[in-house]
Structures are given as C-alpha cells and as structure tokens.
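Student: If you scroll down you'll find the structure; I have some questions about it.
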Amino acid sequence: MAPNLRKSHPLLKMVNNSLIDLPAPSNISAWWNFGSLLGICLMTQILTGLLLAMHYTADTTLAFSSVAHTCRNVQYGWLIRNLHANGASFFFICIYLHIGRGFYYGSYLYKETWNTGVMLLLTLMATAFVGYVLPWGQMSFWGATVITNLFSAIPYIGQTLVEWAWGGFSVDNPTLTRFFALHFLLPFVIAGLTLIHLTFLHESGSNNPLGIVSNCDKIPFHPYFTLKDILGFMFMLLPLTTLALFSPNLLGDPENFTPANPLITPPHIKPEWYFLFAYAILRSIPNKLGGVLALAASVLILFLVPFLHKAKQRTMTFRPLSQLLFWVLVANLLILTWVGSQPVEHPFIIIGQLASLTYFTILLILFPTIGALENKMLNY
C-alpha cells in the first residue's frame, strides 16, 4: 500500500496533525469558533494591509493625500481600505469574545496557552495603535501625541524615552515613518506568536464547556469542525462586508477627515472604540503616573487570572454565583467603554472612577472569594 502523503510528508504531516486529524472534544460549542475567526481576521488584515502599503507614503506631507488617493484612484482602493479599517474592529470583537470564553470556561488553567494569548492581545493593541496613526488625520496625530506622552510619566527616564520614541521633540515625520515600519512588522510577530499559542494548545488539547477531561470522547477536527468553522467565517464576513460597504465610517472619528494640524487640538481626543475601556480607566485617576499604571494593569491583570482561580470546578457552567459576577464584569466593561467616549465632566468622571474600581475589585477580590464560597457550598 502506498504511503499516505498527508501523514508522511514532513510539512503536510504538521498541517494534518493540527487541522485535519486533530482529536477535538465532541461537545465544544460555537464559543470555540473564535480562534479560527481570529486566524481569518489576521490573514485578511495582512492581505488588505499589504495592498494598502503598496499605495501608501509614510511622510507627513503625503500620508493623508496618499490614503485619499488610494480611496479615489486605486481600483477598489476604497473597499480595501474600508475592509482593513473595519477588519480591525472585528479583530478586536473576536479577541474580546475569545478571552471572555477562556475566562468563563476556565481555559486560563492552560497557563502557557493563556500567557501567549495575553501577549498576542498586547501585540495586537500595539499594532492597532501604530496603524491608527498612519492616515495622519487630526485624531491620528493627537492620539499618537497623547498616548506616547504617557511614557513621560515614568520617573527619571520618562522624558528621554518619549523623545527617543518620537525621534524628535514632538510627533513628526520620524514618528510616522517608524510607526509605519512597526505596523508592517508587528502582524508577522502576531502570526509567529499564533503558532506558539497553537503549539501550547495542542500539547494539552482543547478545553470544553464542562471543563472535564474529554480524552474518552474525541472526534476528528475534519470534517466536523472545519465545516463548523466555515459557518463561523460566513457569520463574521457577512457583517464585516455589510459594515465596509454600507457604513464604513460608522466606527471612525470624524476628526480624522481633517489632515493633522499640530496647532489645533480637537475638542475631544479619544481612541477607537476597542481601547475606550482602558482609556476610561486611565482618565479615572487624576495623577498621571497613577493613570498610566492603572492603564497597564487593566490589561496585564489577565496574566494573574490563572493564579486567582480558587474554585474546585474549572468552568462556570455549574457555578451560578460566578456566572452572575462574570456578567456583572461584562456590563462593567461596557460601562467603561461608554464612559471613555464621553467628555471629562460630571457625572462621567465619578461613573468612570466607580467602574474602574469595580473592574479591579471583581477580578482581584470577588472572583477568588466567590470561588472559595462555592467550594464551601459544594460540601453542604
């Protein structure tokens, strides 16, 4: 009998073991679709980004008009740009849902997979930030100025660090060129980290909604989950194309239709919607260094999650109190997102401060406490 190339060829064998003959739990729900959706997002973003980079000029005098030129004169340039800009939003929707799934079902107990995932989130955030600066509109320029300026809060080396990052004494041409270089490079770093993420995942196998060992009941990834993933792709690509074709500027800021002007500050500087929760936490602390530390902590706290798991059961499927707390956390994040988009005035200041406090309290104190309480309740 001739050897099966799919199982014997050094390269095809790797593809086979991770996408075709991979044993997967039979009961994983649609919440397990987001990993593959993120893969599709990454591929779409790299493809559209490559096409955009061919028409982009990373120079302060030409950046804005080169983007306008792409939209006006390049074949389907408007579509490529709209897919790229809104694709970023869908990337973040998918990653937030993916993290939420991991949190709800205790997937963070696979520590290496979880930690590489958090590193992926941080890299994605960095990529989105430097990418937002490239069109060189008003919000691009002032967003870059405000966020890079935060590094000046670091004691002793802060100011030097900021000027080193800027390549001068303000956000200018050197900043734009290096941000373009970084924006081109980082997606490939994300792709590399994704492979590490998957390598760690395939060491343990997937978790499942019950959080129990499922080795006795595994099914092949293909055709069952390949088909399910294709359904997921359709469910994501449909709203993405709808958004890109019907209201491409819905999630953008109108300020970005104005070319960058260092002499005029926009009335409300705010980032894209996917950073608003962190921005609200940053603004809720009146002290600059304190705000920067809170901003960093709001994302880095994810590294602590595996150590804060005190429950005997892995998932929240049969833990109603933890479920309630989880949805309170989700609501809290939505409130933070809303507050981040509002001006700094009463009542938004106090709402933001309370929501920020609640965010850290839930994660650091309430989840471990409720987990321990539920353990006690199991004994009765």
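From the backbone N, Cα and C atoms, a Cβ is placed for every residue, glycine too.
So Swiss-Prot lists the following for this protein:
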BINDING   HIS84, HIS183  heme b b562 binding site
BINDING   HIS98, HIS197  heme b b566 binding site
BINDING   HIS202  ubiquinone binding site
TRANSMEM  34-54  transmembrane segment
TRANSMEM  78-99  transmembrane segment
TRANSMEM  114-134  transmembrane segment
TRANSMEM  179-199  transmembrane segment
TRANSMEM  227-247  transmembrane segment
TRANSMEM  289-309  transmembrane segment
TRANSMEM  321-341  transmembrane segment
TRANSMEM  348-368  transmembrane segment
Student: List, in sequence order, the same-chain residues at least six positions removed whose CB sits under 8 Å from that of the residue listed as 'ubiquinone binding site'?
Tutor: ASN17, SER18, LEU22
Student: Could you state the CA-to-CA distance between HIS98 (heme b b566 binding site) and HIS183 (heme b b562 binding site) to the nearest Å?
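Tutor: Pair distance, Cα basis, whole Å: 23 Å.
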Student: Return the residues near HIS183 (heme b b562 binding site) by Cβ distance under 8 Å, restricted to its own chain and a separation of at least 6 in sequence.
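Tutor: Correct list: GLY49, THR127, VAL130, GLY131, LEU134.
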Student: Can you grab the distance from HIS197 (heme b b566 binding site) over to HIS84 (heme b b562 binding site)? Cα atoms, rounded to a whole Å.
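Tutor: Pair distance, Cα basis, whole Å: 24 Å.
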Student: Are there residues at least six beyond either end of the transmembrane segment (114-134) with Cβ under 8 Å to its Cβ atoms? List them, or say none.
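Tutor: Sequence-distant neighbours of the transmembrane segment (114-134): 56, 58, 63, 67, 88, 91-92, 95, 98-99, 102, 107-108, 140-141, 143-144, 147, 175-176, 179-180, 182-183, 186-187, 189-190, 193-194, 196-197, 200, 271-272, 274-275, 299-300, 302-303, 305-306.
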Student: So if I draw a 10 Å sphere around the Cβ of HIS197 (heme b b566 binding site), how many other Cβ atoms end up inside it?
Tutor: 21
Student: Which number gives the other C-beta atoms within 10 angstroms of the C-beta of HIS98 (heme b b566 binding site), all protein chains shown included?
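Tutor: That number is 21.
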Student: Do at least three CB pairs under 8 A connect the transmembrane segment (348-368) and the transmembrane segment (34-54), leaving out pairs fewer than 6 apart in sequence?
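Tutor: No, the transmembrane segment (34-54) and the transmembrane segment (348-368) are not in contact.
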Student: Top stretch among 78-99, 227-247, 289-309 for CB pairs under 8 A with the transmembrane segment (348-368)?
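Tutor: The stretch with the most close Cβ contacts to the transmembrane segment (348-368) is 289-309.
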Student: According to DSSP, which kind of secondary structure is HIS98 (heme b b566 binding site) found in, if we only use helix, strand and coil?
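Tutor: DSSP call for HIS98 (heme b b566 binding site): helix.
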Student: Sorted by position, what residues of the same chain at least six away from HIS84 (heme b b562 binding site) have a C-beta under 8 A from it?
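Tutor: Non-local contacts for HIS84 (heme b b562 binding site): GLN45, THR48, GLY49, LEU52.
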